[in-house]
Amino acid sequence: MYPAHLLVLLAVCVSLLGAASIPPLPLNLVQFSYVITCANHGRRSSLDYADYGCYCGAGGSGTPVDELDRCCQIHDDCYGEAEKQGCYPKMLIYDYYCGSDGPYCRNVKKKCNRMVCDCDVAAAKCFARNAYNNANYNIDTNKRCK
């Protein structure tokens, strides 16, 4: 084998090892982003909700900064209830329909999948109903979420 071929092979192996160490997003969070996009008809990226207020994104504490943040608090609580039932909300996927009036759960028969679908659809519709305040994106949660 030529030295150049060995270098290419080594580069491929190293890049594959690096890619293997990147944790994948839980499937449900990817699906939830599609449900959000369906509910707001593509007017706002689901990423805009990933770091909004005190509850949108990882974790959550304190008093929600507005109604949109309250949607996230309710969604967190909904996932908490699903976990109490033995479900793993961030790992479950479900079948939903994106109609002209927003997302709906479709033919979801398993209890846990149905609970998670209901949580996600309710949150996405709540996001679409409430105003997005740019001032509440990426806030200092240590100061504002007490």
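The backbone N, Cα and C atoms fix where each Cβ goes, and this holds for glycine too.
In Swiss-Prot this protein carries:
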ACT_SITE  H75  active site
ACT_SITE  D120  active site
BINDING   Y55, G57, G59, D76  Ca(2+) binding site
DISULFID  C38-C98  disulfide bond
DISULFID  C54-C145  disulfide bond
DISULFID  C56-C72  disulfide bond
DISULFID  C71-C126  disulfide bond
DISULFID  C78-C119  disulfide bond
DISULFID  C87-C112  disulfide bond
DISULFID  C105-C117  disulfide bond
SIGNAL    1-21  signal peptide
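Under the DSSP three-state reduction, C54 (disulfide bond) is assigned to coil, being neither helix nor strand. Working note on the disulfide-bonded residues C38, C87, C105, C112, C117: by count of other C-beta atoms within 10 Å of each C-beta, C117 ranks first. Taking the C-alpha positions, the distance from C119 (disulfide bond) to H75 (active site) comes to 6 Å.
Sequence-ordered, the extra residues of this chain that approach the Ca(2+) site, with Cβ no more than 8 Å from the Cβ center of Y55, G57, G59, D76, are C54, C56, A58, G60, S61, C72, Q73.
Closest in space to C105 (disulfide bond), of the recorded positions given as C38, C54, H75, is C38, taking the CA atom of each residue. Checking Cα-Cα distances from Y55 (Ca(2+) binding site) against the recorded positions (C38, C71, C72, H75, C78, C98) with a 10 Å cut-off leaves C71, C72, H75, in sequence order. For the recorded positions G57, G59, H75, D76, a Cα-Cα cutoff of 10 angstroms around C98 (disulfide bond) retains nothing. The two recorded residues, H75 (active site) and C117 (disulfide bond), show a Cα separation of 11 Å.
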